[in-house]
Structure formats: structure tokens, C-alpha cells
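Enquirer: So TrEMBL lists the following for this protein:
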type	residues	note
DISULFID	CYS72-CYS75	disulfide bond
DISULFID	CYS415-CYS418	disulfide bond
DOMAIN	15-154	domain 'Thioredoxin'
DOMAIN	365-493	domain 'Thioredoxin'
SIGNAL	1-26	signal peptide
Amino acid sequence: MANSCKVFSTLLAIFAVLAIVAAVSAENEGQKVVVEEQKLEPEFVWTLDHTNYSDIISQHKMIVVEFYAPWCGYCQQLAPKYEEAASVLSSHDPPVILAKMDTTVPENAELARNYTHNGVPSIKIFRNGGKTVHDYKGTRETDGIISYLKKHAGPASLEIKSKEDAASLIDEKKIVVVGIFPELCLEKIKNFTALAEDLRVDYDFVHTLDAKFLPQGGPVDKPTIRLLKPFDELYADFEDFQVEAMQNFIEETSVPIMAILDDKPENQAFVNHFLHSPGDKVFLFLNFTTDLDHFKSKYYDLAASYKGKEANFLLADAETGKRALEYFGLNTDQVPLIFVLAMDGTKYVQRHVQPDSLAAWLKDFKDGKLKPYLKSQPIPEVNNEPVKVVVAETLEDMVFNSGKDVLLEFYRLGCKYCEEFAPVLDEIALSFENDADVLIAKIDGTENDIPRERFEVQGFPTLYMISTAGSLSRFEGNRTKEAVIEFIQTNRGTPAPSDFAKADLTVSENAQTDSIKDEL
């Protein structure tokens, strides 16, 4: 379970980075909904909080909720667009309700925590009284919000009665899941409908009585699932209508032998399927202008040879995937570059790889011969401040093998709350400067790989106590000096010095004296 959580959290972060490509591309294609320019009072977006959240969600077949923070710049940019979309969608038949919740209100925090793993703003689509929850995957522009939600407010699956229907409803650049029902089978129709409701955010669903209307595949004489796709063999059929079996079939067949990350919006959906697929993830980053012709066919053949062996492949333009490279602690100067994210969360990399060495390197990975790659900041040459700096490469030695009780802060540069807590952490470190058994330290949680099987870090700052007794304790209280010191003393594995309280009082008194001097 720990490894699964680790891989899932890593993929969520990668998905957030690569989704930027989808947002930019989607904004530039397709017909745009024309919205009359007008000044709107903030009245169409409903306001949710801990007192009305459950009642309102439970009463609606579909409701869209934005989880936001007033201080967040992205939330501020989204607010007027979200409001304008809400005004238009309030007149849709049926009306689409848009709501919001302030995650900084303490009473709302527990409710919002389940929906803000990747930060704010976070938009979720609640269906059937909150029984199912989907991520909003459209753009953050007014017309994009409107068109996306109009589509998802309608039936989960549309009926095809003619070839003209098929031409208008089936986008040959997308994956489309078709339910073919040449004979009536209520249970199979019910299961297909439930599947469409559950996966409608990720796939287009249609159904028909006759396969002859479809652009790919032959006739069928029994209920059949047909997945149409613009790659590889173009379609695949399946006859098991058990919901879990259908889900597995779609998951497996919707991943190309080789997904491509470039600036073409139609490819982004297949990148998303690659990221959510099970198995090892293999990335090859190239300069498409100079390297593509040398690598593409060899990499495709390699990917094809691993089909069905729990490995999925992505070919990425380094410039388009620049932010993904940076997330891994890599850069475009190191391409051609092959990178593997294994099922257990470990990572492997080979910079400046050559086309003929791809297969041998990947075999070494499968055979367990490669050393894992660790994203880490450089080890500080000087580390003599009261709060010690930890990086990924020094985490084991400084935290787990130090023989000390360690309070470790996970922080992020630019984080408002981290900046506010920094002087408090300095004071805490000064309070323990004469206690040889306690170390106060910090690590940048965005620039260093964090062992997710040990630490659950969903926001910054996050504090953990790692005791000499081997226990890990997460701090959950108010981040005051007194509360954190009490937390350290309660969870440490070594006894506190008898003179600690007196020494700490002296520090506090000195701080108060300095404060009075400043005021005077």
C-alpha cells in the first residue's frame, strides 16, 4: 500500500505538470461559447461551508465545487471567469450549479482536505448526491468552463441511429467507447450505463443497436463493447459486461504502444491515459527537431516488444515536457534522456542516451542492475545555522541514522506560511542548541525526493518528529514555539536535560527584552 501511495502521489504531481499542456492546447482549439460581456455581481456561484455542505451536495444530481483560498493568485484569476460561467450555466436546461468553498476557514478544512491534494484552486464535479466525485479537466477560461460542463451535464452515453449520427458524435482523434446492443439485455445495458456515468470525464461514450453505423470494425450478433482509438489497431472488441472487467479492458486498450507528448492537443488525452495506466512508466525525452528521426522507430519497436509486460512508453518533446523534466530535477541540456518511474516508486535515468543503447539499458533496469535516481539539491558546503539544512542525499544520515531526536520541517520556497513559521523555527532551534540529543532541521519538499512511505506531506509547512526510538510523529497543532517544543519533548526518545526549561525561559525572556527595546 505504501508503494502504491508513493507512485500515485508522484503521478498526480506529474499529471499536474503535464496538464498545463492540455489546458493551453484546449484553449486554442474548437468552437468557443460566446458569452455576452457584462459586469456581474457575485451572486451566481453558491457559497458552501461546513454548515450547508452535506445538505446541498446530497440534494443535487450534479454540482460543481471550487475549493479555493482567498490569498491564492490563481484562485483570484479564476474567480470572475468562474462567476461568469455560473451565470450562463444557471440558464442551461437543466441548470448547472457552480459553488465554492473557502479552504482557509478552519471549520471547512477537514471537508476540503480530501479534494485539495494538488493545491488550490481545485474544481470537483459531484454527482448523484456526492456518491461519485470527478476531477474537472477543462480549461479555466469562461468559455472553456461553460462548454465542458454543458457536455458533462447531458446523458453519459449518446445513441447512434445512423452513419450521420456516428460522424457527428464520434471524434476520430479521440478514444470513444461504444456499447453495441443487437439484442436486448437489460443487465448489460444497466452496467454499460453505470460505466459511462463513472468514466464520462475521461472518455466519450455512445451506444447503438447496429455496428454497421460505426467507422471501424465488423458486425456483431451479441452485446459488445467496442473501443475506437486513433492509434495502433484502431479498435478493440470486448464481450464481458461486468463493470470491473469493462474498466480493466478500457484501461488496458486505451494506452498506446507509444504515447506522444508534443504541442498537439489531440495527443494530450493519450498522455493522460499513459500516466494513469498500471505498470512501469518509461519516458524518452528528445529534441524533436534534431533527434526524432533517429529514435522514433527504434523506441516504438522497443515499446511494442514490452506490450503486455507491465510497462508503458511515452515519447516526449523535451521543450514541451520541460516542466516535467524540471519536476524530476532534470533539464533539456541532458537529452536525449530515458527515464523510468517504476511501479514501486523508484526512479532511474540515463542522460545523453543513444538509440542503439535503449534496449540494453531497459533490460538492465528490468534485471535490477541499475542504481536508482534520487532528485536532490546539492549538499550544503556550510551548514552551521541553528536550523540545519537536509537534502535528499543526506536524509538518511542526518535524520534516520544521526542518533538524535530530529524535528524535520518540510517547506516550500515562496510558501507564505513557511515564511511566517521560519523565525519561530529559528527560536525553537536556539532553545535546543545546548541539547546534544535534539536536531532541528528542514528540507525543501519540492526540490528533493521525499520517501512517501515514511512521510505524508500534503501541504507546507509539515512537521515530523523522528525519535531515536524509531517512531515518526506528525505535528498537528498550532505552529507556536511553545506548542512545538512541547511536541518535541513529548515524542523524543532521549530524556530532556534537567535544565532545559530554565534555558528555554532565558531565551524567551531575552526575546521579550529585545522586543521591548524594538518598540521603544
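Placed from the backbone N, Cα and C atoms, the Cβ positions cover glycine too.
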Enquirer: Taking only the Cα atoms, work out how far CYS75 (disulfide bond) lies from CYS418 (disulfide bond), in Å, as a whole number.
Expert: 20
Enquirer: Quick one: pull the CA-CA distance for CYS72 (disulfide bond) versus CYS418 (disulfide bond), whole Å only.
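Expert: Computed Cα spacing between CYS72 (disulfide bond) and CYS418 (disulfide bond) is 15 Å.
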Enquirer: For CYS415 (disulfide bond), which residues in the same chain are close in space, meaning a Cβ under 8 Å from its Cβ, but six or more apart along the sequence?
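Expert: The list for CYS415 (disulfide bond) reads PHE460, PRO461, given in order along the sequence.
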Enquirer: What are the sequence-distant neighbours of CYS418 (disulfide bond), meaning same chain, six or more residues apart, C-beta distance under 8 angstroms?
Expert: GLU409, TYR411, ARG412, PHE460, PRO461
Enquirer: CYS72, CYS75: which of these disulfide-bonded residues has the highest Cβ count within 10 Å of its own Cβ?
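Expert: Answer by Cβ density within 10 Å: CYS75.
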